[in-house]
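**Q** Pasting a structure here, questions to come.
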Amino acid sequence: MATPTGPRVPCSEAAVARALLFGWVLVRVAGATGTTDVVVAYNLTWKSTNFKTILEWEPKPINHVYTVQISPRLGNWKNKCFYTTDTECDVTDEIVKNVKETYLARVFSYPLDAISSTGEHPFTNSPEFTPYLETNLGQPTIRSFEQVGTKLNVTVQDARTLVRVSGTFLSLRDVFGKDLNYILYYWRASSTGKKKATTNTNEFLIDVDEGENYCFNVQAVIPSRRANQKSPESPIECTSQEKVLSMEMFFIVVAVMLVVIIFIIVLSVSLCKCRKARAGRSGKESLPLNVA
């Protein structure tokens, strides 16, 4: 059989071609499976105040992006914050649908050159989060206050939340009901000793000393919780009472003054009579004796 006489490809060139082809295939496969230089998210943390809820994580992406998914414990996963270079995602609109539900989130990492691929991508799960039990209570505000006589009335303003029912945003009181308490810390402006009162409504009516100025602030609290029970304290407010005498004290002062005036008048009259009496006796003693 005749041996082919056509030109041959040198062995070294064929090996290089095969190596390049094999390397290209590996790169494509790696890109499709999402295993090239992808940093998996870590330190997933829920940040929530009055049900405004943000999921945060690390690190800042370099050659990749993130997508977040969130789900109730027994529900379906929903995508949030698609292909983001941020390291946080606002998930409030999902958790306010049922704040007593327990939620789980996960953060997927995608290489920039494989965003549209359908393969599996690495992800990290968050801790579970139950908004009703874990959202932080925001700083309350004092809506109004008035001190009349020995009574101090303080009204607390409920914070609004992003929880909605029939298109209306609910307040903290609407969501928590009687689970929500307020603590009033109050003290005389001239003193440092604090007292406190607690209510499961928004009104305080406490006994104070008449005519004294008082300072106070309030704090929200949910006693039934194991953690995150208390909010930060509100800014301090103070009353401004003028120092006035009570009616009882006024009459006492007037009576004492009358007694003093009467005493002075009586004493003056008595002294005057005494002087006249002494003057009369002295005049009689100075007259000459009559001689028979």
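Heads up, the Cβ atoms here are built off N, Cα and C, so glycines get one too.
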**Q** Pick from C11, C81: which cysteine does TrEMBL list as forming a disulfide with C89?
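**A** Answer per the record: C81.
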**Q** Measure from the CA atom of C81 (disulfide bond) to the CA atom of C274 (S-palmitoyl cysteine) and give the result in Å, rounded to a whole number.
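**A** Between the Cα atoms of C274 (S-palmitoyl cysteine) and C81 (disulfide bond), the distance comes to 107 Å.
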**Q** Work out how many Å separate C89 (disulfide bond) and C215 (disulfide bond) at their Cα atoms, rounded off.
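**A** Spelling it out, the Cα of C89 (disulfide bond) and the Cα of C215 (disulfide bond) are 41 Å apart.
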**Q** C215 (disulfide bond) to C81 (disulfide bond): how many Å between their Cα atoms?
**A** 46
**Q** Go through C81, C89, C238, C274, our recorded positions, and report the one whose Cβ sees the most other Cβ atoms within 10 Å.
**A** C89
**Q** Express the distance between the Cα positions of C81 (disulfide bond) and C238 (disulfide bond) as a whole number of Å.
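**A** Between the Cα atoms of C81 (disulfide bond) and C238 (disulfide bond), the distance comes to 46 Å.
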